[in-house]
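Colleague: Encoded as structure tokens, here's the structure I'll be asking about.
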Protein chains: 6
Amino acid sequence: MVRKMELTHVNEKGVKMVEVGQKEVVFRKAIAKGRIKLKPETIRLIQEGKTKKGNVIASAQIAGILAVKRTWEIIPLCHPIPLTGVDIAFEFGKDYIEATCEVRAYYKTGVEMEALTGVSVALLTIWDMVKAVEKDEKGQYPFTRIEDIRVVEKIKE
Amino acid sequence: MVRKMELTHVNEKGVKMVEVGQKEVVFRKAIAKGRIKLKPETIRLIQEGKTKKGNVIASAQIAGILAVKRTWEIIPLCHPIPLTGVDIAFEFGKDYIEATCEVRAYYKTGVEMEALTGVSVALLTIWDMVKAVEKDEKGQYPFTRIEDIRVVEKIKE
Amino acid sequence: MVRKMELTHVNEKGVKMVEVGQKEVVFRKAIAKGRIKLKPETIRLIQEGKTKKGNVIASAQIAGILAVKRTWEIIPLCHPIPLTGVDIAFEFGKDYIEATCEVRAYYKTGVEMEALTGVSVALLTIWDMVKAVEKDEKGQYPFTRIEDIRVVEKIKE
Amino acid sequence: MVRKMELTHVNEKGVKMVEVGQKEVVFRKAIAKGRIKLKPETIRLIQEGKTKKGNVIASAQIAGILAVKRTWEIIPLCHPIPLTGVDIAFEFGKDYIEATCEVRAYYKTGVEMEALTGVSVALLTIWDMVKAVEKDEKGQYPFTRIEDIRVVEKIKE
Amino acid sequence: MVRKMELTHVNEKGVKMVEVGQKEVVFRKAIAKGRIKLKPETIRLIQEGKTKKGNVIASAQIAGILAVKRTWEIIPLCHPIPLTGVDIAFEFGKDYIEATCEVRAYYKTGVEMEALTGVSVALLTIWDMVKAVEKDEKGQYPFTRIEDIRVVEKIKE
Amino acid sequence: MVRKMELTHVNEKGVKMVEVGQKEVVFRKAIAKGRIKLKPETIRLIQEGKTKKGNVIASAQIAGILAVKRTWEIIPLCHPIPLTGVDIAFEFGKDYIEATCEVRAYYKTGVEMEALTGVSVALLTIWDMVKAVEKDEKGQYPFTRIEDIRVVEKIKE
């Protein structure tokens with residue numbers, strides 16, 4: 001298959017929201033992942049005490065889900081999509097948390113930007129909630145970083 | 001200086017928006033950076049033709065600036081902050097674009113979450129605009145990823 | 001019919017936006033009601049002079065309709081729903097106003113949260129518009145309260 | 001003290017956002033409360049298992065905090081206010097949950113609408129998360145209702 | 001006085017939100033006006049019956065006030081500004097309605113974009129509310145148009 | 001054909017979001033146009049240097065596209081519509097820029113309000129970006145104005 005190599009959002013007149021009216025309504029799913037590197041001490045503080053962990057994680061999940069739904073407001077050329085379901089889950093490493101966001105819809109265009117936005121905002125929310133322990137004595141963040149945001153699976157049936 | 005190691009956003013009752021009323025109004029600046037890995041071919045397509053590059057980059061800048069201003073809506077426990085200025089700039093590598101976001105305010109709390117949100121959304125917007133060329137023949141993104149989102153400088157004067 | 005007693009939004013991993021993709025697209029209607037208790041003097045001030053009443057009521061209606069449309073942004077785990085119509089009406093008692101909100105859609109999930117959100121925001125808007133007359137000399141609200149927000153009918157055809 | 005009995009938001013030309021420019025910047029606090037009536041079985045399901053309770057409650061808190069910050073978008077004539085802190089807490093009764101929302105700011109106008117909006121949205125979010133167990137076999141909500149939303153304290157120092 | 005002729009929002013790197021941190025906090029006021037041309041029959045329908053007029057006008061006022069507050073979300077490079085007051089009023093001509101929007105703030109940058117946005121959205125809202133009578137038999141709008149949106153006064157004290 | 005002359009959004013109870021559930025899902029397109037009058041010098045500054053023009057225009061396009069998608073949030077009684085495509089283009093005159101916005105959807109109601117909102121916000125964004133050169137020495141805008149916002153074509157197939 002020869003695919004035409006061009007940027008679909010950019011025509012001679014500038015930027016545009018590309019037409020998807022002729023595309024078929026099919027089941028769409030996308031899974032994105034990403035990580036936030038944290039100090040082991042921060043990971044321990046999040047994990048210690050069920051309530052505390054529950055809340056940091058719940059905050060990140062809720063922020064991520066809300067962001068998934070608002071992707072078309074945040075990313076200028078995305079289409080509004082009637083999403084049917086969103087899951088955000090987390091796995092803990094010694095010095096990182098990995099977020100996975102799965103988004104599903106029956107629609108004319110894919111949902112990978114939604115999944116990527118959900119992962120990004122979930123990780124940013126974790127950062128915000130652990131600022132006090134990640135900062136060094138000069139108020140800087142020598143360890144913290146968000147890494148490896150990627151689409152691990154995109155399905156169209 | 002001994003800093004108390006606890007998560008300021010989480011108390012026994014759950015999550016809260018921490019009180020900043022007693023903190024002083026001072027000049028705040030934060031600079032965050034991050035990268036999106038792209039195929040060299042995609043980088044070339046963005047750079048070739050001034051108009052095209054201008055538009056991809058302008059879209060990412062505008063999306064990033066809008067996101068900086070809405071950080072308190074996107075990250076649940078962030079305070080609304082009266083920002084005085086925002087700059088987002090890009091540097092091109094062979095197979096990546098690096099975004100830098102600088103945010104400034106005179107206020108009671110820092111602006112690093114704003115800078116991080118600006119970088120994240122700018123990079124997500126680039127991804128959205130080059131989807132067509134980054135996807136492989138199965139509709140997957142084997143190369144594309146967002147990396148190394150970090151705070152490079154935080155100032156409080 | 002045995003219904004499984006569990007909280008659909010909460011799984012082991014935390015919160016999620018439940019999948020509705022397999023549910024059928026049918027006509028959905030929900031009617032919610034609620035009341036704001038006000039001083040008789042405030043009711044009289046609202047009713048006296050058509051213009052004045054029209055405007056307080058119109059403000060509450062418009063705020064309620066806008067909130068119905070944004071329910072999925074306000075309530076974290078609600079799905080965006082393509083609403084087909086919204087009505088908000090008010091009845092006056094001696095010391096209260098009762099709001100009724102009816103929401104309609106053809107979709108995969110019900111609209112009761114939308115109707116409840118519309119009633120709540122309409123009543124909050126009335127409160128905001130009569131603050132000056134409801135407050136006592138110490139700036140407190142001994143009489144004002146919002147009561148009895150409920151779903152009076154939910155239809156799925 | 002004789003207070004003039006008129007509706008500050010309504011003048012001859014219709015509605016307006018009243019001028020607060022001449023009011024002084026002082027410490028403002030408002031505490032609002034409200035209840036959601038639930039089946040004892042639902043209360044038990046929320047409380048059983050720390051994770052589950054944490055998540056329902058965390059969702060309601062986060063939704064409430066986000067709504068507090070967006071009060072000026074939701075209630076048409078409210079002013080945007082630079083909030084300094086927000087707390088939302090819950091108490092459990094046999095067949096109800098009571099939410100308390102405290103909002104603080106140093107500004108020219110009070111924050112009671114913010115506190116009332118926070119309580120309302122927190123309670124609506126609880127409703128949304130327990131829909132499956134509160135509904136009867138006909139899909140109706142004979143027990144559930146939101147009650148007694150009120151301002152319990154308003155301070156201006 | 002020689003003023004430097006350059007576009008403050010555009011630098012070599014693209015667009016930016018210009019720094020206003022060094023500007024002084026002073027009283028700012030801006031008044032914008034604009035007109036919507038309507039069929040005389042439509043004007044008559046709006047004016048006939050106090051309730052009807054009140055509602056069309058109240059809807060336009062409320063939409064305009066909400067838009068003024070969200071100007072920084074709608075116009076990408078505008079700063080969020082702590083507005084102290086907004087008024088929107090209307091005058092009726094034989095075949096037009098003229099809207100006037102006055103916005104006030106004590107801040108570092110002017111509020112003319114807010115006033116212009118308020119006028120524009122108020123007029124668009126009127127159009128939306130009279131679509132049924134303005135359309136001709138082919139569903140077109142041969143008469144309707146929005147004209148003469150301008151800043152009539154801008155004050156900085 | 002006799003069309004009933006009444007305002008569909010206004011009933012005896014006030015304002016409402018009219019029911020569109022019974023209307024058929026068909027292809028809808030609307031094209032709106034509008035102009036901003038600018039000083040020839042400003043036009044020249046925008047056009048001179050590809051990068052600069054690209055950015056002013058790209059900013060206006062992106063702001064317009066985002067506004068088209070948020071029309072139902074900005075205009076109170078508009079329905080949320082699943083848009084399939086949006087284009088915004090500009091033509092330059094000696095002392096004006098004319099914006100054209102085309103919006104497409106397959107839905108139950110027309111998209112002219114979306115096209116009009118897109119044009120209005122695109123023009124407001126141009127104004128914001130050229131404020132520095134359009135203002136006279138007293139900070140007023142004697143030349144700048146937005147004119148002739150109209151629907152040039154509305155299609156329903």
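Backbone N, Cα and C atoms are what each Cβ position is placed from, and that goes for glycine too.
Okay, these came from TrEMBL:
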- C:17-155: domain 'Molybdopterin cofactor biosynthesis C (MoaC)' (DOMAIN)
- C:LEU77, C:CYS78, C:HIS79, C:MET113, C:GLU114: substrate binding site (BINDING)
- C:ASP128: active site (ACT_SITE)
Colleague: What does the structure give for the C-alpha distance between C:LEU77 (substrate binding site) and C:ASP128 (active site)? Integer Å is fine.
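Modeller: That comes out at 27 Å between the alpha carbons.
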Colleague: Among residues C:LEU77, C:CYS78, C:HIS79, C:MET113, C:GLU114 annotated as binding substrate, what is the maximum Cα-Cα distance? Answer in Å.
Modeller: 12
Colleague: Where does C:CYS78 (substrate binding site) sit by DSSP, helix, strand or coil?
Modeller: coil
Colleague: If you average the pLDDT over the domain 'Molybdopterin cofactor biosynthesis C (MoaC)' (C:17-155), what number do you get?
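Modeller: Across the domain 'Molybdopterin cofactor biosynthesis C (MoaC)' (C:17-155), the average pLDDT comes out at 92.
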Colleague: Which of these recorded positions has the least crowded Cβ, counting other Cβ atoms within 10 Å: C:GLU114, C:ASP128?
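Modeller: Among the recorded positions C:GLU114, C:ASP128, the lowest count of other Cβ atoms within 10 Å belongs to C:ASP128.
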Colleague: Sort the residues of the domain 'Molybdopterin cofactor biosynthesis C (MoaC)' (C:17-155) into helix, strand and coil with DSSP and give the three counts.
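Modeller: Residue counts for the domain 'Molybdopterin cofactor biosynthesis C (MoaC)' (C:17-155) by secondary structure: 54 helix, 46 strand, 39 coil.
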Colleague: When each of the recorded positions C:LEU77, C:HIS79, C:MET113, C:ASP128 is checked against chain A, which show a C-beta distance below 8 angstroms?
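Modeller: Of C:LEU77, C:HIS79, C:MET113, C:ASP128, the entries that lie near chain A are C:LEU77, C:HIS79.
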Colleague: For the binding-site residues C:LEU77, C:CYS78, C:MET113, which one has the sparsest Cβ surroundings, going by other Cβ atoms within 10 Å?
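Modeller: Counting other Cβ atoms within 10 Å of each of the binding-site residues C:LEU77, C:CYS78, C:MET113, the minimum falls on C:CYS78.
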Colleague: Taking only same-chain residues 6+ apart in sequence, whose CB is under 8 Å from that of C:HIS79 (substrate binding site), what do you get?
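Modeller: Expected: C:MET17, C:VAL20, C:TRP72, C:LYS108, C:THR109.
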Colleague: Sorry to bug you, but what's the C-alpha spacing from C:ASP128 (active site) to C:GLU114 (substrate binding site), rounded to the closest Å?
Modeller: 21
Colleague: Between C:MET113 (substrate binding site) and C:ASP128 (active site), what C-alpha distance do you get in Å?
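Modeller: The Cα atom of C:MET113 (substrate binding site) is 22 Å away from the Cα atom of C:ASP128 (active site).
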Colleague: Can you give me the Cα-Cα distance between C:CYS78 (substrate binding site) and C:ASP128 (active site) in Å, rounded to a whole number?
Modeller: 26
